[in-house]
Amino acid sequence: MAKQPQDDLFEGGTMSFGEHLEELRICLFRSLFGVIIGCLIGLYAAEYVVVFFQGPLERALKSHYLARAIEQVKDDFDGNPPVEFQETIIKDELIPEKVSVEPAQIASVMGLSFPDYLKDSRISSSTFVPADFKEAGSELAVAKLLAEQKASKTDSPARRLWQMMSAEQQAAITKLAEVRTSFTPAERQQLIMVLNELLAQKELHDSAEFAALAGASHEATSALREAVKKEENPETTRRLNKFLVAGALADHVRSPRVNLVTFYNWKPVKVRFQVLNAQEAFMIYLKAALLTGVVISSPWIFFQIWNFVATGLYPHEKNQVFLYLPISMLLFFAGASLAFGFVFEPVLNFLFQFNQGLNAEFDPRIGEWLSFVLILPLGFGISFQLPLVMLFVNRLGLVSVDVYMKQWRMAILIIFVVAMVLTPADPISMMLMAVPLCGLYVLGIGMCIWMPQSRSPFTTAYEPSA
């Protein structure tokens, strides 16, 4: 005898409309209670959650800073930086920062701090340095100008400088003037030493040739002359003489500047996130706590929803939920994991290339970043439901497997359009979403072919007895 279905599949489980509302209220209350418990746990774990979500951005920013440091070093060394610099940047993750200091000031401070050890280590701030020459070849021009004064009979500041030199200094200048090409560093330093020795001589600014000379700055020269008259100070004398000599050699020597020495200060890479107002950090903390609480309590929330919905489902419909829900969750978490583990850093590295090309600084806001972190994995997780959507449409009889296989070109076009909408405006993230979706499209066709079709208990006509 054929087995007949029950007259009423919900026998013993019927509920009135009011009882349905009461059951819904209980389920919602229990879900809300679970969310509250989850949020309390999230308040404790929120800080760790924020640090976890900062990880991809922090790693991408660190790579960006290191790459930019290497490019800056290449510019400093005309495209051929020392290997030690590159190894220190890459392996030790240290960034060189160019710092300019005044040696005379450092020597003065050190001498005051350690007088017993550094009392004789005085460096004058009023000296000529290689940077004081205006352009390449200016050193040779100065040497020739001074050497020509040997045969000159006309009084001039340059001739006065020549006369104040010792025989040894004159011989050195004469030899330097015979150089046909640009100076070597040693020859340049020899010329600078001669000029700096002249700066210490008081008779230079007292001479008639320099008496009427205003120097590089008339006001500064006048003030220094008054200071020298009031008190003889070696440093003031050197400073006044430097103004006068720079004025006499103005065609080849720049006006007096602070003598600076540039060196590299190495510091570790530090990634800092910004907030624009005082309450933003607190709101981020609460948002992270709420997000953590919802994730922690989501199994409990789903269980309550299932208790409410399952009472109205037929047995074969429950079996379909038990079969396809785990697949849906697996696909969602696969998409979200792909976004968080493999998409963030390539996307950020691609975007940072434009910052580096435009020489623009990037100061990330943690609030904007958290929104980006939440949206991108969500888009990947939803898009990875493609095989189930294809299977659902096929089982409804709307699209056959043959149509899926024949229209694969159109499907790929639609996939790329959807990937363009669900991802930021960069080609990297679009490709990282579209390529897996093309594979999932093939998986969807396979599921339509090989997944078993559910059998409804109502395929045969049957009227229950009255």
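Indices start at 1 and increase along the chain as displayed.
Cβ from N, Cα, C; glycine included.
Taken from TrEMBL, the feature transmembrane segment covers 32-53, 282-309, 321-344, 369-396, 408-425, 431-450.
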Count the CB pairs under 8 A between the transmembrane segment (408-425) and each of 32-53, 282-309, 369-396, 431-450, then give me the winner.
-> 431-450
Note: vs the transmembrane segment (369-396), the recorded stretch with the largest number of Cβ pairs under 8 Å from 282-309, 321-344, 431-450 is 321-344
What same-chain residues lie close to the transmembrane segment (321-344): Cβ under 8 Å, and 6 or more beyond its ends?
-> 56-57, 60, 313, 373, 376-385, 387-388, 428-429, 432-433, 436, 440
